[in-house]
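Engineer: Below you'll find the structure I mean.
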Amino acid sequence: MKGGTIQISWHDGKPVLTLDFHPISGLLATAGADYDIKLWLVNSGQAEKKIPSVSYQSSLTYHGCAVNTIRFSPSGELLASGADGGELIIWKLHPSETNQSWKVHKSLSFHRKDVLDLQWSPDDAYLISGSVDNSCIIWDVNKGSVHQILDAHCHYVQGVAWDPLAKYVASLSSDRTCRIYVNKPQTKSKGVEKMNYVCQHVIMKADQQRGDESKTIKTHLFHDETLPSFFRRLSWSPDGSFLLIPAGSFKVLPTSEAVNATYVFSRKDLSRPALQLPGASKPVVVVRFCSVAFKLRGSNSAEEGFFKLPYRLVFAIATLNSVYIYDTECVAPVAVLAGLHYAAITDITWSPNASYLALSSQDGYCTVVEFEDNELGESIPISVGKKPVDSEEKQHHIGKTDELMTETRPAESNKLAEAEQNEESKQPLPSLVTTDGKDKEHHVMQKTDEVMTETRQEEEKQPMQSKVNTPVSNKPARKRITPMAIDP
């Protein structure tokens with residue numbers, strides 16, 4: 001593994017706020033505070049035993065504000081970009097014999113303020129976006145209109161994620177909640193089902209016992225709005241087995257200081273974390289799974305792995321100033337990258353063949369890490385579209401663990417049928433607590449306390465239509481506050 005910060009003018013020295021690899025060609029797209037989207041070809045440095053380099057390819061110019069998030073569609077034919085002031089643009093790939101060009105395909109107008117994160121549906125037909133206007137919007141990309149508005153958050157929505165199996169969407173907000181929505185299709189008059197997401201879980205607080213007392217106190221699971229980042233980007237695993245959620249703030253004891261954490265949720269029970277991955281010295285702001293699965297190594301460490309899977313999944317966790325790379329077969333991080341940037345990390349992305357990991361930063365630079373052939377392992381296909389095979393959490397008795405209990409609050413009219421799946425998981429689940437020093441990782445198994453969540457069904461809302469190319473902005477965009485510089 002070789003990598004480092006590439007010292008070029010990525011976006012005229014201005015903050016690089018987001019980046020994403022094209023799922024087919026492997027081109028790297030970056031965007032930031034200079035309003036432009038730029039495409040780069042990543043060049044391997046293995047032959048010269050150097051860090052990888054990039055070659056500028058082209059720019060996509062249309063936005064009139066800082067671009068906060070860009071994501072290619074799963075097919076690679078479309079690119080969505082969200083910016084300040086509620087701008088949301090769909091770009092379409094126009095291939096030719098000599099080159100490939102991207103042109104503006106649609107402008108999606110309804111958000112009143114900055115768009116901070118977005119994610120495609122698996123079939124390219126829909127898009128979910130999160131905004132400073134406290135709402136998530138599900139867009140019908142083909143029609144170029146709003147399909148559904150999810151407006152239950154009471155503060156900025158800084159991260160959204162779409163389940164690769166198309167059953168759930170998730171949103172993470174600076175109101176200290178994560179909301180899990182489940183698709184409950186509505187049947188139209190002609191018998192056609194219409195996609196309709198309703199809130200199934202509101203993940204908010206954990207119950208902890210105060211010493212020997214019988215009383216419990218509730219503690220928040222997530223950082224509040226003072227977190228010095230615009231983003232809390234969450235990620236589903238490529239097979240849909242797990243949801244990885246950043247911005248965690250976990251207290252080992254009610255009286256102890258909060259530990260920065262990432263939560264791993266199992267698809268079998270999305271009402272409470274199955275694992276906590278604490279230990280980072282700074283808050284976690286971005287998490288991202290690699291889209292490639294790898295063969296199990298079969299080492300002794302496999303017995304200590306997070307989950308029992310027929311393959312290994314790899315994911316990266318980015319704090320404000322460092323990146324931790326994990327796989328599902330090891331307890332400890334595979335690698336830790338630190339001291340790369342002088343300002344906050346804003347986004348991370350994996351190349352489609354898992355050869356590269358790239359990250360962007362507020363300091364105006366990007367880092368690209370290259371993995372040698374089979375360094376992460378031998379890739380194998382994932383069966384997406386059916387239930388993950390044998391994806392239960394391992395029930396290791398490493399240290400004492402308590403049963404995780406959740407409280408569900410059904411809607412007044414009726415209960416969500418999905419809540420029944422919570423009864424499957426009544427065995428002790430491991431909770432991993434890590435604390436990091438300068439050069440060493442110290443891992444401690446921590447007793448797990450009750451995690452309290454709400455389960456509610458939102459009132460059905462009629463889809464609100466919006467015309468293409470008709471901006472709706474009755475309020476000025478929120479002025480961007482630059483986070484303080486962070487020493488490496």
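Note: Cβ is positioned from N, Cα and C throughout, glycine not excepted.
All TrEMBL annotations are machine predictions without curation.
Got these off TrEMBL a minute ago, pasting:
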DOMAIN    1-376  domain 'CAF1B/HIR1 beta-propeller'
REPEAT    16-50  repeat 'WD'
REPEAT    60-101  repeat 'WD'
REPEAT    108-149  repeat 'WD'
REGION    382-488  region 'Disordered'
COMPBIAS  387-403  compositional bias 'Basic and acidic residues'
COMPBIAS  409-426  compositional bias 'Basic and acidic residues'
COMPBIAS  436-462  compositional bias 'Basic and acidic residues'
COMPBIAS  463-473  compositional bias 'Polar residues'
Engineer: Could you put numbers on the helix, strand and coil content of the repeat 'WD' (108-149), residue by residue per DSSP?
Structural biologist: 0 helix, 22 strand, 20 coil
Engineer: Could you give the number of helix, strand and coil residues in the repeat 'WD' (16-50) as assigned by DSSP?
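Structural biologist: Here the numbers are 0 helix, 18 strand, 17 coil.
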Engineer: Based on DSSP, tally up the residues of the repeat 'WD' (60-101) by helix, strand and coil.
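Structural biologist: So the repeat 'WD' (60-101) is made up of 3 helix, 23 strand, 16 coil.
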Engineer: Would you mind giving the whole-number mean pLDDT across the repeat 'WD' (60-101)?
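Structural biologist: Value for the repeat 'WD' (60-101), mean pLDDT as a whole number: 95.
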